Structure formats: structure tokens, C-alpha cells
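Participant: Sharing a structure below in C-alpha cells format, with a few things to ask.
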Amino acid sequence: MRLIIVSGRSGSGKSTALDVLEDHGYYCIDNLPAGLLPELAERALIHTELAQPLVAVSIDARNLPSHLSRFPELLEEVRSRHIQCDVLYLDADEETLLKRFSETRRRHPLSSANRSLAEAIHDETQLLGPIVDLADLKVNTTNLNLYQLRDTIKLRLLNQPEPGTAFLVESFGFKRGMPVDADLVFDVRCLPNPYWKPELRAQSGLDAPVAEYLAAQPDVEEMFQDISSYLLKWLPRFAASNRAYVTIAIGCTGGHHRSVYLTERLGQVLQKSLKNVQVRHRDLS
């Protein structure tokens, strides 16, 4: 059995995550009382007609505070039944959450006549502390649109061919901000930039002319060797420490040339030594 627990602050994309999981065969329950987690897992194991039952539930601030405070022990009880259980925590910065509620005119579940939206978001953050501390995968949706969020859920949660640590090597551009959910960040802006070659500007690190240009630069090769040596040495230690997800982010200025080229090469090297290695280019349209 596989159980995915979806949590996060209101407005961060939990409904979208459940929709994606439901589309991929998961039996989904929104706003499950946390105290029912062990019972749900037990019943799913006993009564399911599926050889590999797939269940997803959302648990958030609509729960009783006493149930949320018990989340660590409830999660431990579920996992003691040898159930594959992943906790997905979605979030966004406060300004984005405020904007989303303003645009949709939805009411925050904790807001009231005596509690402003900002105060409700603050209180929600405190209530969800026991869950965020135990999250296996944290996804910040501040800069993600609906389609990007759906793709991220599918990539990180549904495309794992084997159990174990899921590694994501991701390129990005600093001008759009660092990925806040990255575990390791490498800044490669010091390398020669193909952007300043007019014939290469419109291409990306996936295109042969850009790759050939970068491959001929000694500094690029030295950077690649240093990063790959570091990752090959230390990523197995992350896996040995029972980390479910590890994100490695490679950043250049725009996220189109240097970071893309290095991310592709690093992904190829890591896929030869590690299981569950995925590659993503955040800022390529």
C-alpha cells in the first residue's frame, strides 16, 4: 500500500495536488481528521480489492488542534504497519497567499470577524508545525502556475521507478529567484556565458552549438568535475540517512544556457550510479 499525506497552508495548492493524484488512480480524501489516519490505513490494507492500494489524504488546519499536535505519533503508527507513506507539504510565501485569497475571494478556514487574513495565515503556520517538520517533500508554489504545479507533483511523487531516495537535478535562473525547496545549490554564474554570443543567445544548453561551446571552456569542465565528484561522494550519504527526496539546484543568470548544460551532464553521470535520478529545467519555456 502507498499512502500520500498532502498538507500545507491554505492557498498553496493542496486541492490541485489531490486532483493530480486522483487522476493517477489514488483514492483521495480531503480534510481527513488526523486521528483517523491509523484506522484508514488498517481498513485500506484489509478491505481493498487492489493488489497495490493507492490512497491520498489531505490533513490541514481544518483539523482539531489536538489531532494536529498528535501527528508525529499517528504517522509513526501508520509506518509501523510497513506502509509506504510520503508526507507532501505545499507552501508559498505570505504575500502570494494573501494575493491568491484576494483574487479568488475565498474565505480562509481560520479567518473570522475578529481575525484578519494575515493573522489567520500566521495561526495556520503554527498549527501545521508538527506536519511540516516531518514532511518528506516540500514544494514551494510561489512561482508555479497550475500546470507547473501539476507537472511537479507528477515528477516528484509519481515517476519513481523504485523505492528509495528520489534525486532531482534542477537548473534555474537567479533572476527568477532560487528554488526555496532545494537542498543543495550550486552557483555557476562565474562561467563563460553563451548569452553574449549572438549566434547562441536564442538557444539553450540542450542545443548542440551551446553544448559544444561550453564543453570547450576549461572552467566549465573543471566546475563539472568538482560538482560531480562532490555529488557522487555525498549523495549516497543522503540516501543512507533515509532522506526520501533530495533536490540539487544548478543556477546561472537566466536558467537557459550554463545551468541547463551542466544539469544535463550531471543528471547523466548520477543516473549511472544512483536510482531515481530525475532532471528538470525550471526556467526553460
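Cβ coordinates are placed from backbone N, Cα and C, and glycine is handled just like the others.
Checked Swiss-Prot, it gives:
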type	residues	note
BINDING	G8, R9, S10, G11, S12, G13, K14, S15	ATP binding site
BINDING	D60, A61, R62, N63	GTP binding site
Participant: How big is the gap, in Å, between the Cα of S12 (ATP binding site) and that of R62 (GTP binding site), rounded to a whole number?
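Facilitator: Here the two Cα atoms are 14 Å apart.
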Participant: Using C-alpha atoms, which one of the binding-site residues S10, G11, G13, S15 comes nearest to N63 (GTP binding site)?
Facilitator: S10
Participant: In whole Å, how far is R9 (ATP binding site) from A61 (GTP binding site) when you measure between their Cα atoms?
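Facilitator: A61 (GTP binding site) to R9 (ATP binding site), Cα-Cα distance: 8 Å.
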Participant: Sort G8 (ATP binding site) into helix, strand or coil using the DSSP assignment.
Facilitator: strand
Participant: Near S10 (ATP binding site), which residues of its own chain have a C-beta under 8 A away, given they sit six or more steps off in sequence?
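Facilitator: In sequence order, the residues whose Cβ lies under 8 Å from that of S10 (ATP binding site) (at least 6 apart) are D60, A61, L97, F101, H108, P109, L110, I121, E124.
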Participant: May I have the list of same-chain residues other than D60, A61, R62, N63 whose Cβ is within 8 Å of the Cβ centroid of the recorded GTP site, in sequence order?
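Facilitator: Counting only non-site residues, the set is N31, I59, L68, P109, E124, L127, L128.
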Participant: Give the three-state DSSP assignment (helix, strand or coil) for R62 (GTP binding site).
Facilitator: coil
Participant: For G13 (ATP binding site), which of the three DSSP-derived states applies: helix, strand, or coil?
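Facilitator: DSSP call for G13 (ATP binding site): coil, neither helix nor strand.
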